[in-house]
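Below you'll find the structure, written out as structure tokens, and then a few comments.
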Amino acid sequence: MPKDVMRSLQLNDQGQLRHFLSLDNLPGALLTEILDTADSFLEVGARAVKKVPLLRGKTVCNVFFENSTRTRTTFELAAQRLSADVISLNVSTSSTSKGETLFDTLRNLEAMAADMFVVRHSDSGAAHFIAEHVCPNVAIINGGDGRHAHPTQGMLDMLTIRRHKGQFENLSVAIVGDILHSRVARSNMLALKALGCPDIRVIGPKTLLPVGVEQYGVRVYNDLSEGLKDVDVVIMLRLQRERMQGGLLPSEGEFYRLYGLTEQRLRHAKPDAIVMHPGPINRGVEIESAVADGPQSVILNQVTYGIAIRMAVLSMAMSGQTAQRQMNQDAEEHA
Amino acid sequence: MTLPLPGELLPKMAAELQTYLADRRIDTPHFIGIRTGGVWVAQALLEQMGRDDKMGVLDVSFYRDDFTQNGLHPQVQPSELPFAIEGEHLVLIDDVLMSGRTIRAALNELFDYGRPASVTLVCLLDLNARELPIRPDIVGATLALGDDQRIKLSGPAPLALELQTLSAS
Amino acid sequence: MPTEILGARVIDPTSGIDKVADLYLDAGKIVAVGAKPAGFEARHSIQAQGLIAAPGLVDLSVALREPGYTRKGSISTETLAAAAGGVTSLCCPPLTRPILDTAAIAELILDRAQEAGHAKVFPIGALTKGLAGDQLSELVTLRDNGCIGFGNGLAPMANNRVLQRALEYAATFDLTVVFHSQDPDLANGGLAHEGATASFLGLAGIPETAETVALARNLLLVEQTGVRAHFTQITSARGAQMIADAQARGLSVSADVALYQLLLTDDALTGFSSLYHVQPPLRSRQDREGLREAVKSGVIQAIASHHQPHEADAKLAPFAATEPGISSVEILLPLALSLVEDGLLDLPTLLQRLTSGPAAVFGLPAGTLNVGAAADIVLFDRAGKTTAGEQWYSKGRNCPFMGDTLPGSVRYTLMNGRLSFQAISA
């Protein structure tokens, strides 16, 4: 199967965003358009009334098969600020067979005339599956699928970098920690590459680096201090507690000793380097409080930007999906 | 059809606006242009009036009522209002008034920033094609176009009007 | 019924025959190749000019899904699908419900297969009860009730000690053990070959060592116990090399590969299509090349469909939640002919890997056109085309080749001299 399946699934016949599933194979220009649009929405967030009527009358369903209060809340807020009606569902995957629940849940919601689904699921490829096989005519936004992708997080990280550094062409960016299990890392690597970042580094022990990570065009470091040398941006990843089982890591303590970001280690980066983290942070496991709350931290800005990015993606995908439906209708009438 | 020259319309508009504001005892108006053409007209008008006020800029893309037909404008930019509008007198400036939908969107957007004391509408041209009960308080000229004709303003300097004929599709 | 097949190009890999000749069948057996026997009066005649006559194919792994999973397939539907693919003899794995670990299940399968009459079925019994890996099945009883070999599928043995004893017991009675070599711990939770593609898609990987570590252990225990061993569904180039090394040092082991492993790689997973979800997984291009070379050299002597039909729902979910397997027995011959088409094998060699090669693994009475042998024959049109899915007899439509145009088309399949399949256009 050709690599552009991802692309053709995500874009409509005119090349506009229709589903937002992964950053794989999306043109850099489209990513820039998302960032530009998000910039405009950021301004809306500073107004007395933080709401625009763009998606008035549209229904956005957040369907979370994997719990995440924070991501769900920012998607809800984004949809509400676009004046959409929002429903959020937490669906337990354990109750029945996964596939049936997913398929039936979404078909049911589609029958209630939902215009857009934001889906989070513990299986890689779940959002693709829904866009391809379940509800191709409803805009699908991937709110995180397994280890595969978290494209809105990727884009909000890019917005954070652009707003603090202005561009990507001369930047060194280091991504630190559990790359193997991280959909955020995968989306960030793809986004940085597409936006022209020349020096992307991943830092971690071999147990937490995916086989063939070089395919993303990144440089691999096992030593934190060495990897941080003269970087402009440090993206720390969350370390899940369960990684201590199964021999991936001996202990949180040893991980912190080797890969925890402290003020001292941060000095290897450029003096004006910014520190990012997708949250929620584990203080004292992957990052020291003094860094997380320090002057170089932009972790809270990321949250603000996250709403603007989601507003941009929601409105662009709604627009592209609507246009595609119109095109299909016109084609049918002609036929 | 001969189109009016914007440069010739502006002095009259400036004078009328000054009178209009004076009649209403509006001493400190705030000027707001609608992106893109309205901003150019607003700049030229302020210059004509000899003012150097900080001007507001509105991008009404998020407020348009044709989103479901036409989607999101790909080059949407942030609105910038360098002043609070609560209780203030505003002068809203656009280039061409056609259906009135852009002004409707702009008014909606303005009210999301606050509750102005008044809004005065200034347009370079009125095409007499209104679909909403919106009329300019100050207008440069009124024109009637054929169904297949459109007016395009180019700018910012010099401002020029151009008549375009839609090709039959 | 005395039957004559006239004018076909007869290819029999065992005897080396490759010539245009007539075939004469009677009482379910081949009575002559070439000259018509004296007094032979054909009651049925097949004009086979332009067709190739070969031994009916022998497929070492066709999941029939009965008893227990009749939503996915039945003995009747899947054996008919096999006949459409040119197969006359097939082995079915013990993954039924209940598991094929008692004589009653073996009997049931054989009875239903006979009733259906589309193909000869040779069950592979469970090595351990319920495939649980700790208590041996009644292997000799199962053999006496038709099981031709024993395996534990991908289910793990409790430990190496149990495995060693199972092999010793099987060796005592000269039973053949079928190994799926995949280390359950290294493969745990894995969905795809551990490599760049799985990493990119965020699918948990199954490293090549999951196969080779288990294979190394299995080969050593086979050597120690002297059991007759068949290694099924090899997926890696290194695994094939280990089989070759074992054979070179005199160990009498055989191996098969899934046909789709010779055609597909893990590249196919891009896009998350569950049709490519198989266990053990599709591996790298380099692995595919290694497997193809091993088939060419004969280290891997059998190509099997590893047919696993599923109902639509089984594949209608995110990748990880879908059931593994490909339904493809009914395109076995045309799909395999693509290996001739792309220059890997010549036609007689391919047919050897699909007939006498697999038959020899279990000493099955199949895979030859010798006079006196069962009249199990496939007649196919080398120049014809098969569009996969145009006709479909299997209950499982989970086939990634659906819609593909494949070289060659099966026109007739005969089992014991009787037509078990005839193409609709023929």
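In case you wondered, yes, glycine gets a Cβ from its N, Cα and C as well.
Curation does not apply to TrEMBL; its annotations are automatic.
Keep in mind the model is a prediction, meaning the values are calculated, not measured.
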Among A:ARG107, A:ARG120, A:ARG243, indicate the single residue that TrEMBL lists for the carbamoyl phosphate site containing A:ARG70, A:THR71, A:HIS150, A:GLN153, A:GLY279, A:PRO280.
A:ARG120
For the domain 'Aspartate/ornithine carbamoyltransferase Asp/Orn-binding' (A:170-316), the DSSP residue counts stand at 65 helix, 24 strand, 58 coil
Rounded to the nearest Å, what's the C-alpha distance separating A:ARG238 (L-aspartate binding site) and A:GLY279 (carbamoyl phosphate binding site)? Just drop the number here, would you?
7
Suppose we draw a 10 Å sphere around the Cβ of A:GLN153 (carbamoyl phosphate binding site). How many other Cβ atoms does it contain, all chains included?
26
The rounded CA-CA distance in Å from A:ARG70 (carbamoyl phosphate binding site) to A:ARG183 (L-aspartate binding site) is 16
Most isolated by CB count within 10 A, of the binding-site residues A:GLY279, A:PRO280, is A:PRO280
Count the other Cβ atoms sitting within 10 Å of the Cβ of A:ARG70 (carbamoyl phosphate binding site), across every protein chain shown.
12
Given the binding-site residues A:THR71, A:ARG120, A:HIS150, A:GLN153, A:ARG183, A:PRO280, which pass a C-beta cutoff of under 8 Å against chain C? Sequence order please.
A:ARG183
Would you work out the biggest C-alpha to C-alpha distance among A:ARG70, A:THR71, A:ARG120, A:HIS150, A:GLN153, A:GLY279, A:PRO280, the residues that bind carbamoyl phosphate according to the record, and give it in angstrom as a whole number?
17
Rounded Cα distance, in Å, between A:THR71 (carbamoyl phosphate binding site) and A:ARG183 (L-aspartate binding site) is 14
